[in-house]
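Colleague: Have a look at the structure that comes next, please.
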Amino acid sequence: MLSLRHIRRFCHFPSSAATGIAYVSTESNQIQGLKPLEEPALVKLKSERDPEKLYNLFKANATNRLVIENRFAFEDTVSRLAGAGRLDFIEDLLEHQKTLPQGRREGFIVRIIMLYGKAGMTKQALDTFFNMDLYGCKRSVKSFNAALQVLSFNPDLHTIWEFLHDAPSKYGIDIDAVSFNIAIKSFCELGILDGAYMAMREMEKSGLTPDVVTYTTLISALYKHERCVIGNGLWNLMVLKGCKPNLTTFNVRIQFLVNRRRAWDANDLLLLMPKLQVEPDSITYNMVIKGFFLARFPDMAERVYTAMHGKGYKPNLKIYQTMIHYLCKAGNFDLAYTMCKDCMRKKWYPNLDTVEMLLKGLVKKGQLDQAKSIMELVHRRVPPFRSKQLLSLKSIL
């Protein structure tokens, strides 16, 4: 049972909704020995747009394992019914599913709980957890975490704490690291950082070891709320405890360093990552490139971009956007022009402000042909820029 006496004093329960981390395990939709879903049924479920007809079609296949065990068909149906506001149809379908043989499998019930949660039907999700024994289904920490995950979508955090405090002892469930991480994420989303830290301490008192998700969640929230000293301390504690940072952790730290205009430190982390068998991604490179531009080292930003190419990475739209935008700000319109052409030929377009800045720079340098070339590519954009935007760009020429 989770002790919350230390945590509660940090909680002020604002009305904004908390968002949890999707840690909930669901069973695989790979069913051994089953043939693929027959095309006619799949096509009908996928293409049906009328909510009532969709409901009837799925209801007609309620006992067809090829349908109900297909995760996409199940979740897509519920999602579209929720989008149409037909929560009554969703409840009827899911309640019926619970009475069938699959309702005795916890993995299937976890899916039902999460589907209710994603549809905003919190009460039904909790009732599903509370009434599992009525269908002959045993509870474990997996279904507990599913219900906790759904509660983390709900603004009533009093309910979350009551559930955390009462449900484990009532149902004989030993909560795990995932349970704590969901709670910690909820605290962080609400800005209750002292409560989040105390939850981590309670985690350790319970004999559980904080993992990389725990540390990353806390470090990210601390940096976001300008509590940098504590964030740095947690980074050091994580390393001392032998918990290896993952890609997300590195990106959180690099973003913090970039925001502080510590581009060289961010670059050092980028270089350290491969040595720890953590490969940077496009987000990592984009942040370091932007960091050097912001710190007024455009040459280093270009070097990082070139090094990224050398390692086999290809720029995406965000990296193109960063490079073109800041190259223009640095007055390097020649390279910005070349990169903008490459970007647009791939059907990727920088934002309007960046294109406008590039055109003005080219015209000012007397490179009218290059500016016209960019405008030709602008006209090929799909969907096109609005007429008013196009007129604004043309006026530059």
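Glycine residues also receive a Cβ, built from the backbone N, Cα and C atoms like all the rest.
Annotations for this protein, taken from Swiss-Prot, read as follows:
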REPEAT    105-139  repeat 'PPR 1'
REPEAT    140-170  repeat 'PPR 2'
REPEAT    176-210  repeat 'PPR 3'
REPEAT    211-245  repeat 'PPR 4'
REPEAT    246-280  repeat 'PPR 5'
REPEAT    281-315  repeat 'PPR 6'
REPEAT    316-350  repeat 'PPR 7'
REPEAT    351-381  repeat 'PPR 8'
TRANSIT   1-81  transit peptide
Colleague: When you scan the chain for residues with a C-beta under 8 Å from the repeat 'PPR 5' (246-280), skipping those not six or more beyond its ends, what do you find?
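Modeller: For the repeat 'PPR 5' (246-280), the sequence-distant neighbours (Cβ-Cβ under 8 Å, at least 6 residues beyond its ends) are 212, 215-216, 219-220, 223, 228, 231, 235, 238, 287-288, 290-292, 294-295, 297, 300, 304.
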Colleague: Quick one: mean pLDDT on the repeat 'PPR 2' (140-170)?
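Modeller: Across the repeat 'PPR 2' (140-170), the average pLDDT comes out at 87.
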Colleague: What is the three-state DSSP composition of the repeat 'PPR 8' (351-381), stated as helix, strand and coil residue counts?
Modeller: 24 helix, 0 strand, 7 coil
